[in-house]
Amino acid sequence: MGKNCFKSKIWISVLALLVAMPIFVVLLSWLLPEHELWAHFSQHLLPNLITSTAILLIGVGVGVTLLGTVLAYLVVMVEFPGRKWLEWALFLPFAIPAYVLAFVYLGVFDYSGYVQVWMREVLGLSGFDIRSGSWAVILTFILAFYPYVYMMARASFKRQKINMIEVGRLLGAGPIKVFFKISLPLARPAAVAGLLVTLMETLADFGVVGLFNYDTFTTAIYSAWGDYRSIEVAAQLASLLVLLAFFLIYFEKKARGEAKYYSADVSNKKPYQASGAVGWLISLFVLGVFMLSFALPMLQLVVWGWESVAQEWSVKYFDLIASTSILTISAALITVVIATILALPSHCKQSGIWLKSVIRLATLGYALPGSVMAVGLLYGVNQVSQINIYLGGESINYLIFGSIALLLFAYVSRFMAIAYSSIEASTQQIKPVFIQSARLLGISRLRLIWQVYLPMMIPGILVGGLLVAVDVMKELPATYLLRPFGWDTLAIQVYELSSEGLFERASVPALIMVLFGSILMLIFQVLDKKTSFGYWISHRKKTNKGKI
């Protein structure tokens with residue numbers, strides 16, 4: 001491909017900057033500071049916001065890393081009763097929006113919930129306040145987001161050659177020592193990537209922290225916008241999240257270092273066979289996580305849904321399902337196409353600091369609440385409209401505001417990070433020898449991309465597309481603010497009902513969302529078996545013998 005790998009750096013940079021446009025608008029908001037409001041915020045609110053947000057990030061980060069990595073290691077390296085079905089079942093919490101998980105657990109553990117009623121009437125205990133402190137909101141995030149680390153760590157563990165572990169065992173290392181000395185260091189790049197996505201998702205959340213009355217930067221952004229009527233202060237608070245996102249990405253790169261991991265032959269043989277009491281204890285632990293993160297919340301939703309479906313169900317749900325599906329599929333396709341274009345230069349050492357920087361900037365939207373992305377887009381479009389009027393033209397607001405195009409733009413900016421992380425990771429597993437061989441054969445740049453890069457990037461593209469689809473389906477703030485008039489989705493229906501305290505009725509659209517999310521996760525599981533790097537390489541060898 002030549003020394004420069006990809007010569008279309010200008011166009012790739014323009015594409016990345018376009019995706020990052022809402023972030024630029026947020027950063028430019030400092031040109032219009034509101035000194036009085038900032039004096040109030042910095043004196044009375046900012047110290048508590050920094051403390052509470054830090055506690056939340058540390059608690060969630062430690063929790064998802066430990067839980068996701070341990071679960072991934074157990075299902076890949078240890079044979080125990082029920083392992084095969086639990087391995088895919090642990091992906092299902094992806095299907096439940098974090099705010100749905102939060103209102104389910106509030107309904108169960110709140111003062112009037114089953115647990116506290118039983119504690120008072122049977123045990124004679126006074127109960128507890130689930131909204132006090134940070135423990136409940138941290139546990140909710142851990143149960144909702146551990147699959148990010150689990151998914152990526154599991155894929156990394158599966159690529160580890162079993163003979164490395166067997167050598168460690170022959171040298172007298174036990175399972176725990178092998179885990180910390182061999183398996184965990186090799187899985188670190190993948191686990192850290194999952195942790196980065198989790199922390200960005202936590203930073204951007206409003207539903208969970210709002211339900212638990214837990215103050216973070218995100219709730220302060222909503223307060224500045226809704227209570228103080230200052231979009232500028234809201235955007236300026238959001239800019240602090242952008243800086244924090246920069247730090248998280250820098251931390252992720254430093255933690256991964258220069259590590260690159262290539263495909264290895266995967267063996268179905270497990271290095272450790274857990275039998276007897278130990279095997280059943282492992283099964284109970286893994287099953288317990290699955291029950292708390294998916295099965296029990298689903299059971300509660302089904303109970304509520306059964307009690308209220310006759311009252312809530314109507315033909316409007318067919319429109320809700322259709323509009324949700326259109327947005328989900330369109331956003332996923334557009335996002336993975338752009339993410340693939342941005343990820344291709346990451347495999348080239350000559351891509352340059354500028355290109356790498358603007359691409360990273362395009363992935364920061366995941367750390368911002370959907371409402372801030374919406375404000376950034378609306379503010380940016382309005383400024384363009386004002387310039388057009390100044391030049392003698394007409395306002396273009398009526399053409400863009402409340403359009404599907406603007407909403408899809410918000411989705412792409414918001415979820416670029418999750419698609420890019422998955423696809424970029426797949427490019428790092430392309431062995432340099434493949435590219436060198438192609439160069440020696442003198443094939444064209446386009447043919448190299450089509451016949452070498454894309455086939456090996458398919459696993460990352462599929463994973464990224466599925467994860468974006470799940471997140472778009474669950475996205476609430478951006479959809480609520482930017483959707484065309486009358487264009488409601490399942491997430492909007494859940495929000496409108498739950499905000500009125502109608503949790504039983506809200507369970508109906510929530511169940512439909514979980515059902516669709518579960519189907520997407522099952523599709524991911526099926527594709528996961530057929531899109532391993534070893535499969536694609538061997539498939540290419542069989543179907544393209546003598547070709548490049």
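Keep in mind that glycine also has a Cβ here, set from the backbone N, Cα and C atoms.
Under the heading transmembrane segment, TrEMBL lists 12-32, 52-76, 88-112, 132-151, 190-213, 233-251, 277-300, 320-345, 357-379, 399-421, 448-470, 506-527. Positions annotated as domain 'ABC transmembrane type-1' by TrEMBL: 50-250, 321-524.
For the transmembrane segment (88-112), the neighbouring stretch richest in Cβ pairs under 8 Å, chosen from 233-251, 399-421, 506-527, is 506-527. Panel annotation: around the transmembrane segment (357-379), residues 12-13, 15-17, 19-23, 25-26, 29, 197, 199-201, 203-206, 218, 221-222, 225, 231, 234-235, 238, 241-242, 244-246, 248-249, 342, 345-346, 401, 406, 409-410, 413-418, 420-421, 475-479, 481-482 of the same chain, lying at least six beyond its termini, place a Cβ under 8 Å from a Cβ of the stretch. Residues of the same chain lying 6 or more positions beyond the ends of the transmembrane segment (190-213) and with a Cβ under 8 Å from any Cβ of it are 53, 56-57, 60-61, 64-65, 68-69, 97-99, 101-103, 106, 130-131, 136-137, 140-141, 144-146, 148-153, 155-156, 184, 219, 222, 241, 244-245, 248-249, 251-252, 255-256, 261, 366-371, 414, 417-418, 421, 425, 476-477.
Of the recorded ranges 12-32, 320-345, 506-527, the transmembrane segment (233-251) has the largest number of C-beta contacts under 8 angstroms with 12-32.
Contact between the transmembrane segment (320-345) and the transmembrane segment (52-76) is not supported, since fewer than 3 Cβ pairs fall under 8 Å when only residues 6 or more apart in sequence are counted. Pairs of Cβ atoms less than 8 Å apart link the transmembrane segment (132-151) most often to 52-76, out of 52-76, 277-300, 399-421, 506-527. In this chain, the transmembrane segment (52-76) does not touch the transmembrane segment (399-421); fewer than three CB pairs sit within less than 8 A of each other, excluding pairs fewer than 6 residues apart. With Cβ pairs under 8 Å as the measure, the transmembrane segment (277-300) is packed most heavily against 52-76, out of 12-32, 52-76, 506-527.
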